[in-house]
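Pasting a structure below so you can have a look.
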Amino acid sequence: MLNRGMIAGLVCVLLGAIDLTVVAAILPRMIPDLGINTADIDRYIWAVNGYLVAYIVAIPLFGRTSDIIGRHRTFIVCLLLFLIGSVLCARADGLGELVAGRTVQGLGGGGILPVTIALVGDTLSRRQQLAGIGIVGAAETIGWMLGPLYGAAVVDLLPVSEEAWRWVFWINVPLLLGALLLVRRSFGYESQRFEMRDLRRLDAVGAILLAIGLVAINLALASSGEVGAQARSGLRALGGTVNPLAGQVPWLLTLAVVALVGFALWTRRARHPLLPRDLLGTHQFLAVIGVNFLIGAVLMIAMVNIPVFVALLTEPDAISRTTAMLLAPFTLSIAATSFAAGRIADGYGERRAAYVGVVLISGGCIMLFFLIDQSRAWSLVPGLIVAGIGLGVVLPPLGSIPVASAAVGDRGAAASTALMFRLLGMTLGASALTALGVRRLQTLTGRVEPIIQGANESTASFLDRQRQFIEQHALPLSVQVIQETFLIAACIAALALIPLWLAGRFRAAD
């Protein structure tokens, strides 16, 4: 069923998805190497968000591009973007360079996904297309599950004493060069001809409005935790620096609303909209992508909380390894259950399976809330396993329901749009989690004597003193914040039951 071109696409989808979550395990090692203030989480979260936002915008943009200029040319462009972004990340000397590299990486990684889905439609029969789309979705899901484990393995196993995290990105270079060669041999010369005027079919206006809206709302969310902060509270009490955007949150929110409303209005009238207008007009489809959005937010809360929790409790040299070992039961539970989810759905129905999955996710997050122990990192394992089983049960139906509800010619667009909204939930979930954490720390640290860098104190000395201060004074407060976010994640998961129920109602009405 799979030819060499599709295999090349699947390998690249897997690699792009791995890099989506690989930072979860290596970020604690990157922060001191790049001279980033440990308390400035509202800024270095953009090492994750930069990739996610670019990935989201790239999915519909490059899917349409491949229709115009051809799959081969688009694939090459995406691989080159991914390659350039990997080199920029590997050579980064500061947070700005790292975020820039991750953004370029995200454009390439996100663009690979819709091109591969389009290849399924080009090369497989209609009967085989649904299975092919499922394989692409499975490769993407397996990739982001493996990301933290892969990152930890590279950092801990490579015989590199300093800044081993850079090799996570350097290793991409030969892999991507090999993928370029495989794609070149698989496709041959592009036979599809196009003229520059054909590029008018690209919804550049929609892409720009969507990008502006996503960046603005994520900046506003990530910066809002500092609004009203005092010198003796919040991240500043832990040695954090003033967020330069904290005073611009109202303007950022206004810009986000204007851009996203403009995007919605533009999508209604554009001749070739960035998102499939017909699908977005279907109530059942809207309900299912709403579930995808909420589950994505819960997933990102877990992926961000675990490395932060481990970093609070573990020696620096063991952070990546311990993070990977904690995430292993979570990701393996998702993977193992996903393979059985098909039989569960066949026996009980896709929506019933999804209900069970959502309840398990919520229950697992409640277990994390009650079982978390600041003296034992392994206290998270039971809750992570239950939540992982729930995600493994719910993710396959959330991918197949929108595909099955779409017309044959729209199934690729349905699959990529549903995935895009899950990723949108992940990026907004990360930003909202950051804002909530900063805001709660601002409240909880009101009576903590702040740590301030001395006039003649070196940055290295201050960062070392800051680390000791955080270990002694801020650890219990930080664990409390993490505990509270797990309870919020349980509520978000439970909230997903509403659009899931509505999806069944809308289907019956149709």
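Including glycine, each Cβ sits where the backbone N, Cα and C put it.
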Can you dig out which of the ranges 132-152, 447-467 TrEMBL describes as transmembrane segment?
132-152
Please report, as numbers and ranges, the same-chain residues at least 6 past the borders of the transmembrane segment (132-152) whose CB is under 8 Å from any CB of it.
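Beyond its ends, the transmembrane segment (132-152) has Cβ neighbours at 1-2, 6, 9-10, 13-26, 113, 116-117, 120, 124, 165, 168, 303, 307, 320-321, 323-325, 327-328, 331, 334-335, 338, 395-396, 399-400, 403, 411-412, 415, 419.
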Counting Cβ pairs closer than 8 Å, which of 74-93, 204-225, 245-266, 384-407 has the most of them with the transmembrane segment (44-62)?
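The listed stretch sharing the most Cβ pairs with the transmembrane segment (44-62) is 204-225.
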Taking pairs 6 or more apart in sequence, does the count of Cβ pairs under 8 Å between the transmembrane segment (204-225) and the transmembrane segment (419-438) hit 3 or more?
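Per Cβ check, the transmembrane segment (204-225) touches the transmembrane segment (419-438).
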